[in-house]
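Chemist: Dumping what TrEMBL says about this protein:
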BINDING   Cys64, Cys67, His68  heme c 1 binding site
BINDING   Cys211, Cys214, His215  heme c 2 binding site
BINDING   Cys331, Cys334, His335  heme c 3 binding site
DOMAIN    50-154  domain 'Cytochrome c'
DOMAIN    196-303  domain 'Cytochrome c'
DOMAIN    318-408  domain 'Cytochrome c'
SIGNAL    1-29  signal peptide
Amino acid sequence: MKKFKLAGGIVAAVAVAAGVMLWMNGSTAADDVAGNHTRMDAPLNASDAAAIARGHYVALAGDCVACHTAPESKQAYSGGYAISTPFGGIFASNITPDAETGIGSWTERDFFRAVRHGKGKEGENLYPAMPYNAYVKVSDQDMHDLWMYMRSVKPVHNAVPETNLPFPYNIRLAMMGWNLLFFKNAPFKPDLTQTAEWNRGAYLVEGLEHCAACHTAKNLIGGDTSDYLQGSNLSEWYAPEITSNKVTGIGNWTPEQVVQYLKLGSNHVAVASGPMAEAVTNSTQYLTDADLHAIAVYLKSQPGSERRKPLPLPADNPQMKMGANLYEVNCTACHSSDGTGIPHLAASLADNPAIVGPDASSLITTVLQGGRGAVTHGNPTSGAMPGFAWKFTDEQVAAVTTYIRNAWGNAASPVEAKEVAGKRGVLKLPPQMPAQSGNPR
């Protein structure tokens, strides 16, 4: 039924598209400020060094390398990474100055149109896996500096496979309708009622860092909902709420604790894992402390969800009793009996807003497959956790995660075995090893 609704949404978008042709054709006029004569692969001059350095910082803030470099590749920005979406895999393009397989033949105006408006060199619509709906807020100066930096990157000859989504998602014309619904063609405008620091944070969060891409829930056809930064399911993971909510958000964190998390990948309670660990490793650790503090100020000013702390499950609940036993035997060595963990190595499970969110996906995934924290200059020896998919049954994973979500003052909905089974399938993990069947621990 969900796939049927998705298909219906795409078809509806196609129907809308014909009526917005003129709108889309005029939507890139703002990019006319960019030059349309110099190709990306043209020689650079010594006088370009300052712009290149600024552009490198912009690329780090935009986390460009994360999508445009395949995990197995050592060639930055050479593309080939298959971005997983609900509609299928989308291959990130080669954005090095290689003329044949990259974007070496592009002009600055071509570059601007792609990054800020999702338009390819020939005018084709890009999929919003490329977050142009956020990058549209990037300033002309930052765009120019980014262009200069990308011109300085080593050209890599790497032909990326063509994205081939199943019907009807392969109809790129539908993106015209999608853009009409969800793409706001407007640059960043400072809020004059706020401080310069708040506005800098807004510019980074809404634009270059594109935080809403993960932390804002999406509707059936991939557009942002109105629940801005209030958390979103990412299949294997759950991007938690990062607003002022004091239960499931970061309302109880000080700005300095937010800065520490983004700089080191960990703070007094949290250790970044999964996609967030990648974001810290590739992007936020390189931002200046001033920019990170601005991000913290902006995030903590955002109105949170109306989620409130529920009553915890009683200790004599059968699932809680099983979970407590499993936790004592398997988890206390690192996370301690009171759930406080080891700062910057093993996450605190007590008083950690990510643990008690409405979706336990991240906790289930971590228990099943394990994980490793962000590797940063400030914390190069991040902690690692083994997976327990081989050892625990789905019922046992559900029990221990339910216990973690309801012990030490935590309170959240219980986890069901069928949730674990579904996650095990998504992660392509085998069931518990037969030799362990029946083992209560």
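Glycine is treated like the rest: Cβ placed from N, Cα and C.
Those TrEMBL annotations? Automatic predictions, nothing curated.
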Chemist: Cα-Cα, whole number of Å: Cys334 (heme c 3 binding site) versus Cys67 (heme c 1 binding site)?
Modeler: 32
Chemist: How many other Cβ atoms are found within 10 Å of the Cβ atom of His335 (heme c 3 binding site), counting all protein chains shown?
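Modeler: A 10 Å sphere around the Cβ of His335 (heme c 3 binding site) contains 20 other Cβ atoms.
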Chemist: Give me the mean pLDDT over the domain 'Cytochrome c' (318-408), rounded to a whole number.
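Modeler: Within the domain 'Cytochrome c' (318-408), the model's average pLDDT equals 96.
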Chemist: CA-CA, which of the binding-site residues His68, Cys331, His335 lies nearest Cys214 (heme c 2 binding site)?
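Modeler: Among His68, Cys331, His335, His68.
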Chemist: Cys67 (heme c 1 binding site): which of the binding-site residues Cys211, His215, Cys331, His335 is the nearest Cα neighbour?
Modeler: Cys211
Chemist: Is Cys211 (heme c 2 binding site) helix, strand or coil when read with DSSP?
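Modeler: In three-state terms, Cys211 (heme c 2 binding site) counts as coil.
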Chemist: If you measure from the Cα of His215 (heme c 2 binding site), which of the binding-site residues Cys64, His68, Cys331, His335 is the nearest?
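Modeler: Closest by Cα: Cys64.
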Chemist: Counting across all protein chains present, how many other Cβ atoms fall within 10 Å of the Cβ of His68 (heme c 1 binding site)?
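Modeler: Step by step: centre on the Cβ of His68 (heme c 1 binding site), count other Cβ atoms within 10 Å, giving 22.
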